[in-house]
Amino acid sequence: MGDSHVDTSSTVSEAVAEEVSLFSMTDMILFSLIVGLLTYWFLFRKKKEEVPEFTKIQTLTSSVRESSFVEKMKKTGRNIIVFYGSQTGTAEEFANRLSKDAHRYGMRGMSADPEEYDLADLSSLPEIDNALVVFCMATYGEGDPTDNAQDFYDWLQETDVDLSGVKFAVFGLGNKTYEHFNAMGKYVDKRLEQLGAQRIFELGLGDDDGNLEEDFITWREQFWPAVCEHFGVEATGEESSIRQYELVVHTDIDAAKVYMGEMGRLKSYENQKPPFDAKNPFLAAVTTNRKLNQGTERHLMHLELDISDSKIRYESGDHVAVYPANDSALVNQLGKILGADLDVVMSLNNLDEESNKKHPFPCPTSYRTALTYYLDITNPPRTNVLYELAQYASEPSEQELLRKMASSSGEGKELYLSWVVEARRHILAILQDCPSLRPPIDHLCELLPRLQARYYSIASSSKVHPNSVHICAVVVEYETKAGRINKGVATNWLRAKEPAGENGGRALVPMFVRKSQFRLPFKATTPVIMVGPGTGVAPFIGFIQERAWLRQQGKEVGETLLYYGCRRSDEDYLYREELAQFHRDGALTQLNVAFSREQSHKVYVQHLLKQDREHLWKLIEGGAHIYVCGDARNMARDVQNTFYDIVAELGAMEHAQAVDYIKKLMTKGRYSLDVWS
């Protein structure tokens with residue numbers, strides 16, 4: 001409550017009698033007011049705050065205790081902690097594997113989410129004997145930290161804490177097709193050293209464009225000997241199978257307490273409450289699902305998700321994430337081959353009672369729900385899963401096969417690469433090809449990684465479509481080297497999501513929006529050059545919609561150029577009519593389309609860029625922003641090389657100078673990428 005202040009000088013009068021009388025009255029009013037306020041404060045407010053103050057102290061103490069990972073390590077006898085920055089679950093999986101490794105060397109490890117702890121506590125780590133901190137850090141997007149490592153990254157940038165005595169190691173997860181390969185891992189490794197921490201093993205750089213699993217195994221098999229040498233310890237024995245979770249079967253449980261696919265809060269899908277994010281997705285109804293292309297070879301689709309009443313806000317260039325479900329046919333086949341009743345309700349409870357992660361996925365739930373909504377059953381399993389499963393193969397040759405692929409030998413790595421990775425064998429295929437391998441379904445559920453959200457560039461502008469989010473995607477289906485037909489989880493699931501008819505129920509998609517740096521220029525007059533073949537055109541549909549909307553508002557809008565590519569005009573020309581209309585209306589200044597298969601020689605977007613190089617250079621010199629969306633492995637690299645050539649030729653520069661010129665555009669936010677591999 002604010003203090004009251006009365007300026008009595010304004011009451012001065014020429015008549016002394018009136019002045020005295022007035023002052024007396026004012027004093028009485030002030031005195032009464034002060035007495036009243038004091039009475040209220042002591043008798044009422046104080047009583048009301050006595051209990052809340054005590055409660056707040058308790059909460060604060062609890063929060064501090066939980067955020068101090070060093071105190072937790074002391075309490076539980078741990079000396080190794082592995083933090084993970086993970087967007088898709090792989091870094092978390094690697095962290096779990098490293099923490100489990102520790103027991104082989106007479107140590108105790110724990111994996112941890114940096115979002116759950118105060119990393120300033122690192123300076124206290126030397127209080128624990130033979131303490132080591134390891135970071136498994138993935139790089140997301142264009143050199144960004146993952147969502148759960150953002151606070152840690154911000155802290156590293158701002159802090160000047162002395163980390164002398166802290167022993168550390170870093171393994172980074174990245175992709176060489178991206179411009180900023182492993183930026184987060186490199187930054188954490190460098191910054192920790194700058195703050196005085198001691199690196200006890202070299203930085204590991206995993207490449208998801210190559211063989212990330214092999215990169216990790218190679219680093220890991222050299223990492224542990226270095227740890228042993230540094231701390232003077234020896235391995236206690238061979239790697240052994242240790243269960244992390246205990247199975248509890250619920251024979252009589254209230255159905256209202258069973259998870260049915262929710263990502264966070266129980267029954268959150270029945271009682272939706274904003275704000276919506278990765279841990280609390282919004283169930284959006286599908287209002288449109290139409291095929292964009294004419295050919296039968298591929299299925300490209302446009303979906304619209306209704307976000308009205310969700311309070312979700314997005315901007316052109318943002319990403320929409322959806323949580324898919326696995327194919328029920330695959331789930332049923334898994335249940336059949338394992339001889340399991342998929343409708344049994346169970347919980348997997350962490351045997352480590354001190355762990356923050358009580359279950360590998362929301363529990364209690366049924367095996368059917370876990371295999372449908374929570375577990376990844378379509379990606380090739382990693383080597384640690386094969387090692388754990390090998391014990392359940394009754395046929396010696398199959399057990400040997402699995403153990404060899406899980407080994408660090410050159411022969412084992414090659415076998416894993418060819419038999420699992422390149423053949424795209426998922427867990428069901430492995431069980432089918434190893435007839436004697438029949439693990440308990442609960443252990444399999446413990447071993448399989450979590451099914452992750454899928455991200456798509458939003459193909460709409462919130463200025464035009466504030467109550468819906470649009471998705472453009474190609475349905476994935478292919479034949480493996482082993483002759484099986486594999487289908488993309490999310491795209492096939494989305495394909496089946498038909499808008500509700502008169503008598504049908506609504507088709508719902510759990511979703512949330514992730515903010516992006518892929519943004520239109522602040523000034524509408526700034527020219528934009530957009531390059532996006534295939535489904536890479538998605539964010540540019542939103543960009544063009546927004547520029548068209550600005551024109552309708554009477555705003556001056558700069559040149560808007562699109563370089564789009566597809567196979568044939570009559571097969572996969574996405575949004576053909578919409579783009580043509582934008583061009584006719586003047587919202588799209590130039591519409592340049594490369595058809596790669598309509599003539600004897602291939603024509604790609606970079607060829608069209610070269611043809612327009614003089615005009616493009618003029619726009620770039622005039623402050624234009626360049627946007628590239630689509631395949632990172634080939635297209636984005638070729639387009640970037642083309643811009644190097646354009647800058648070198650028309651800017652009269654050496655190649656190195658042209659490269660530096662484009663790099664500076666990236667730094668200034670004038671050359672933006674939204675790419676995938």
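The backbone N, Cα and C atoms fix where each Cβ goes, glycine too.
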For the FAD site that Swiss-Prot gives as R454, Y455, Y456, S457, C472, A473, V474, Y478, G488, V489, A490, T491, W676, the extra residue out of R403, R424, R637 is R424
Candidates are S9, S63, S408; I want to know which one Swiss-Prot annotates as phosphoserine. S63
Which whole number is the mean pLDDT over the topological domain 'Cytoplasmic' (43-677)? 93
Using a 10 Å cut-off on CB atoms, tell me which of the binding-site residues R298, R424, K602 is the least crowded. K602
Select the closest residue to Y478 (FAD binding site) from the following binding-site residues, measuring between CA atoms: S86, N175, R298, S596, K602. R298
Name the one residue among A138, G141, Y178, F181, Y455 whose Cα is closest in three-dimensional space to that of R298 (NADP(+) binding site); these are the binding-site residues. Y455
Restricting to the record's NADP(+)-binding residues (R298, T535, S596, R597, K602, V603, Y604, V605, Q606, D638), give me the longest CA-CA distance in Å as a whole number. 25
Tell me which of the binding-site residues Y178, F181, Y604 sits in the most Cβ-dense spot, judged by other Cβ atoms within 10 Å. Y178
